[in-house]
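Participant: Heads up, here are the entries from TrEMBL:
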TRANSMEM  21-46  transmembrane segment
TRANSMEM  52-78  transmembrane segment
TRANSMEM  85-106  transmembrane segment
TRANSMEM  118-137  transmembrane segment
TRANSMEM  144-169  transmembrane segment
TRANSMEM  181-203  transmembrane segment
TRANSMEM  224-241  transmembrane segment
TRANSMEM  261-280  transmembrane segment
TRANSMEM  300-318  transmembrane segment
Amino acid sequence: MIQQKPAKRWTWADLQSSYRFWGLVVYFTAIVTSQYLFNAYSALYIRQTADLPISMIGVAVGLQQVGMLFGALLAWMASRMKSYYLLYLFSGLYLFGLFLFCFHTSNHFLMITGEVLIGMGLGAIMLIVPAFIAGAVGSVEAFVLSFGLMVTLKMVFGSSMMAIAGWLFDMERLFSSPENFFTLLLVPVIIGTLFLLPIKACLFNCEPPVRQAIPQPVKYRDPAVTFLLFLVPFYNIYWLVKIHGEIRNYTQSAALLTPRGAGWSAFITAFVTPVIFSTLNDNLRAIIESHGQTARYKTWLIILFAFLLPPVSAALIQSQMNEINGNLKREEQLS
């Protein structure tokens, strides 16, 4: 029997500390931004440039959804090959589809072919990128986080770009020529694809890099003061950087973000703060229990307050950090 050495799984913290993760996130965001713009204005574009009946426009849009079904097969192929290089192919399919759509609206066959290719490229990209991320960790939690993150980014960036496209449309620039519409859809794809270039070929199919953060001096903070300061803009970023440096005095768990990684995560993707809080509390509980004591705050409680009132979660975590530091000092004095 052939025995294979099991590959070490990545943690969510490993992912967030890696350029590979952020490169994929930027790429995905750029692609779905282009998709939002296309879906919002493609029907108007056809109407103005080809004067097709509404029924024909509906057929074209429906065939894009058919293309997405074929895109799912392409995503499956990429998952089997475990290579992110196929993302370049998927981007090419999407761009070629846009080219056919923008410059050949008078030719119904080419326009519909473009819609199918657009759907194939989009379907493959929207499935395989979060699947790559979730597969690196190999857990249901990572699956939910990766797909949830991508859906949130799609909504936020897509909606913001719609306002820009609306301004262009009001200025009669968007549909003045096929080149303008194609360029608007092309630029996000080019920018996103450039972010793929520095990603290593192995992607997440290798062991994660070792992350060792230098411990920072532990500082006592009153939980009530922490609660109030958390209401001040950007203090949450400062606090997360400090707490992730201080906890390294007691554990170098791979599940923890580095101080810098925690700060950037809170700044760029603030909606994942409950995940950061839950990981912090899990590690604090493990430290407390390793000294034969009972941790006071369950992780589900921290997560609940992280969604409803984040300053409460921060105050509870800070109180546990104070408790750990005080207990260890007493143990040192007794010994």
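Positions of Cβ are set from backbone N, Cα and C atoms, glycine also.
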Participant: Honestly, do the transmembrane segment (118-137) and the transmembrane segment (21-46) touch, with at least three Cβ pairs under 8 Å and pairs 6 or more apart in sequence?
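Facilitator: In contact, yes.
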Participant: Count the CB pairs under 8 A between the transmembrane segment (21-46) and each of 52-78, 85-106, 181-203, 261-280, 300-318, then give me the winner.
Facilitator: 181-203
Participant: Can you work out which residues elsewhere in the same chain, 6+ from the ends of the transmembrane segment (52-78), have a Cβ less than 8 Å from its Cβ atoms?
Facilitator: 42-43, 46, 84, 86-87, 90, 97, 105, 108, 111-112, 115-128, 131
